[in-house]
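Asker: Encoded as structure tokens, here's the structure I'll be asking about.
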Amino acid sequence: MPIGVPRVPYRLPGEPYSQWISLDDRLYQERILFIGEPIDDSLANTIVGVMLYLNSQDPQKDIVMYINSPGGSVTAGMAIYDTMNHIKPDIVTVCVGQAASMGAFLLAAGTKGKRFALPHSRIMLHQPSLGTIQGQASDIEIRARETLRVKRRMNEILAQTTGQPLEKIERDVERDFYLSATEAQAYGIVDRVIQERSEAMAS
């Protein structure tokens, strides 16, 4: 049976009693985002909206994004990526569990020097997919060209964020490319493997 969104007690400053609010809302108050599911349009809209709100509240204070995701929609992930670069706060990214596909892309997109992985995290890169291509021959050709364009652009961004040569990125993502936390650090996807949250907050 689904348990729904967990709720936690929270007392507003100056109030004598606590009130129960959703765990997500409590994390947002601490400027913490958690991507803990496949990335789709609904999740992206929520994450984008919260980032815009936190930017308006304090454009100088870091936003921390925890990632435990198998990946998901390219367009949804790119909406999050563009917003990360659109707003002023630094984005601290932390992999817990796994960051695969678009999850790994967003992990690497955090602010340089503030990208972390917990010790037993797994990171996986591969080439993007825009879904099954069907329809008339002309439609298939258009979709195939778009897939190649998106693939090229994502590889270029990964080359920028990791410091790896574009040619190496293109070779590595042709098949599922798995890395441990320490391997992801050596590759340039994260800057450091950490044990405690305070290590990320002190970056």
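Using the three backbone atoms N, Cα and C, a Cβ is placed for every residue, glycine included.
Per Swiss-Prot, the features are:
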ACT_SITE  SER101  active site, nucleophile
ACT_SITE  HIS126  active site
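In the displayed structure, how are the listed features positioned relative to their neighbours?
Answerer: Under a cutoff of 8 A between CB atoms, and with a sequence separation of 6+ in the same chain, the neighbours of SER101 (active site, nucleophile) are PRO70, GLY71, GLY72, MET124, LEU125, HIS126, PRO128.
The Cβ neighbour count for HIS126 (active site), using a 10 Å radius over every protein chain in view, is 16. In the three-state DSSP classification, HIS126 (active site) falls within coil.
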